[in-house]
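Peer 1: Pasting a structure here, questions to come.
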């Protein structure tokens, strides 16, 4: 179909419209927990989990030169007893058969394999990451402060903005893609009005196949936190775009 729309006001325990990968669990209390916790509900080391929406999304259509205009709206919160919790959560778009890469816990956020994490030609993933890990000897590809980043086929973000991680506070996020300007826009807000904006120009037809799946990924390494998804709505519609110039 030319358009797709779905909405989770919250997540039921028996939710059948999501595919869970790795340590992701529907824990009841209307929350989808992406990384593992112990029997007390406390976060643990070395965990990675993802969820995907069950239906595939038509991102673009070569035969008609149409590209999807999409928007993804979601909210999440993070909790940890540590002062430098890790690693983060990401909304991502990938080929329909996408699976958790081996060795992708920790700073690779469940999205990239260690060998090819910065090799753009080896990857097919578009992601918006909320990265909480920072240390002086931090991941070499990251700024040394918590940040929001837009990732295009690489764990090294195309663009980042400094972000304040707030313990247990819900962040509301809107990610939109406009095919006529080829721009991904991210707006993230806390309940008190603190706002973060980020945008990148990217032609999705050069990054991803025509059919994709959309979802979320999160991971922890040596440092840890819970990654709790509270709500998610998504809508996409194929639109006619101007013919690409043949350079």
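Cβ atoms are placed via backbone N, Cα and C, with glycine included.
So Swiss-Prot lists these for the protein:
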type: BINDING; residues: 87, 107, 138, 139, 221, 222, 223; note: carbohydrate binding site
type: CARBOHYD; residues: 119; note: N-linked glycosylation site
type: BINDING; residues: 129, 131, 142, 147; note: Mn(2+) binding site
type: BINDING; residues: 131, 133, 139, 142; note: Ca(2+) binding site
Peer 1: Inside 8 A of the center formed by the CB atoms of 129, 131, 142, 147, which other residues of the chain have their CB, for the recorded Mn(2+) site?
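Peer 2: Result: 88, 130, 132, 133, 143, 146, 148, 149, 157, 160.
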Peer 1: Just give me the nearest neighbour of residue 223 (carbohydrate binding site) among the recorded positions 119, 129, 131, 142, Cα to Cα.
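Peer 2: Looking at Cα distances from residue 223 (carbohydrate binding site), the smallest one goes to 131.
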Peer 1: Any idea what DSSP makes of residue 223 (carbohydrate binding site), helix, strand or coil?
Peer 2: coil
Peer 1: Which of the three DSSP-derived classes (helix, strand, coil) applies to residue 129 (Mn(2+) binding site)?
Peer 2: strand
Peer 1: Using Cβ-Cβ distances, find the residues under 8 Å from residue 119 (N-linked glycosylation site) that belong to the same chain and are at least 6 apart in sequence, listing them in sequence order.
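Peer 2: Residues satisfying the criterion: 154.
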Peer 1: Expressed to the nearest Å, what is the distance separating residue 107 (carbohydrate binding site) and residue 133 (Ca(2+) binding site) at their Cα atoms?
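Peer 2: For residue 107 (carbohydrate binding site) versus residue 133 (Ca(2+) binding site), the Cα atoms are 8 Å apart.
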Peer 1: Tell me, how many other CB atoms lie within 10 A of the CB of residue 222 (carbohydrate binding site), whichever protein chain they belong to?
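Peer 2: Looking across every protein chain shown, the total is 13.
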Peer 1: In the structure shown, with every protein chain counted, which of the binding-site residues 87, 129, 131, 142 has the densest set of Cβ atoms within 10 angstroms of its Cβ?
Peer 2: 87
Peer 1: Determine, using Cα-Cα distances only, which of these binding-site residues is closest to residue 221 (carbohydrate binding site): 129, 131, 133, 142, 147.
Peer 2: 133
Peer 1: Given residue 129 (Mn(2+) binding site) and residue 139 (carbohydrate binding site), what distance in Å do their CA atoms have, once rounded to a whole number?
Peer 2: 14
Peer 1: Roughly how many Å lie between the Cα atoms of residue 142 (Mn(2+) binding site) and residue 133 (Ca(2+) binding site), rounded to a whole value?
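Peer 2: That comes out at 9 Å between the alpha carbons.
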Peer 1: Indicate whether residue 139 (carbohydrate binding site) is helix, strand or coil by DSSP.
Peer 2: coil
